[in-house]
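A.B. asks: As listed in TrEMBL for this protein:
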REGION    11-35  region 'Disordered'
COMPBIAS  17-35  compositional bias 'Polar residues'
REGION    102-138  region 'Disordered'
COMPBIAS  109-121  compositional bias 'Low complexity'
DOMAIN    174-276  domain '3CxxC-type'
Amino acid sequence: MSKISDPTVFATGYGNLETNTDASASTSRSRMNPNQASRRIIGSFYSALLQLGKYDLNHLPMQDYPTWARRVVHAERKRRKDKGVEMPTRSERRNILDFGEGIISQPNGDQQGSVGDDQQQLTKQKKGKAPKPTPEEFDGEYLHTYVIDEVTYDVVYDKTLSRTDGTLTKRNSNVWGHFVCKTEDCGERKWDSSVIATNLRFCRPRKAYKVTLHAQKCNQCEQYAEPIVEVTTLVKRVVYVLDLWMGFRAKEPRKDKEIKSDGPHDTERCHGCEVNECPYAERE
């Protein structure tokens with residue numbers, strides 16, 4: 001394969017660097033974040049993936065790939081599993097590229113800002129319909145395709161597991177990430193957070209689990225914004241706890257001694273705090 005058609009070359013070397021012919025090329029490259037890439041690079045990488053068969057796609061050296069490339073590979077694996085091996089639609093391709101770029105947190109398009117194209121949204125606004133509000137919480141079913149690649153036992157995902165079910169085993173946690181508010185007033189206002197509240201529920205008899213990620217309100221428009229997290233980190237967290245609950249790990253995972261952040265956690269705008277599914281809520 002050539003550099004342009006080999007996804008591994010793209011992910012581990014060529015794809016991390018923008019074409020740069022000026023004298024400051026080496027300096028620019030040294031400052032680039034290896035876990036980020038331009039839309040053009042991500043698109044070229046995805047085009048290379050589409051040339052691979054199922055076996056090759058499932059046996060790529062993921063441990064050598066940066067975050068953006070792992071996200072694209074995971075999304076394409078899920079798409080083929082759900083839809084077959086046919087080429088993606090225009091909408092599916094856009095969602096996968098958005099997912100790789102970190103614009104959205106789920107590759108299936110079920111999140112803020114990924115419902116339709118700009119023209120569809122404009123048509124809805126002309127009809128006088130209010131834009132669909134961002135949910136207060138997001139289901140983590142999209143993680144399951146990654147979880148089953150990591151565990152050595154059978155486990156199923158059940159999005160119906162209820163917060164009020166007292167028979168379930170539960171755990172609250174926090175993960176790093178950011179929020180993007182896409183309301184008309186804020187545009188695409190973004191803020192980082194070390195306390196994106198997550199909740200893991202587990203039904204032992206059925207070996208079923210559910211992951212919930214909680215939104216935070218924007219401090220300018222007071223509307224909920226979608227949490228964007230690093231999938232690999234969250235999957236490792238989920239697998240660690242599932243191993244414990246399934247009896248494959250004897251040691252209790254370390255609880256966060258101190259949650260470090262650039263500023264105080266805004267408990268009034270955190271939906272996890274509101275429903276007692278945030279580590280900060282447990283302190284009170």
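Placement of Cβ uses the backbone N, Cα and C atoms for every residue, glycine included.
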A.B. asks: Kindly state the mean pLDDT of the domain '3CxxC-type' (174-276) in the predicted structure.
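C.D. replies: Average per-residue pLDDT within the domain '3CxxC-type' (174-276): 85.
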A.B. asks: Please work out the helix, strand and coil residue numbers for the domain '3CxxC-type' (174-276) from the DSSP assignment.
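C.D. replies: Tallied per class, the domain '3CxxC-type' (174-276) gives 19 helix, 39 strand, 45 coil.
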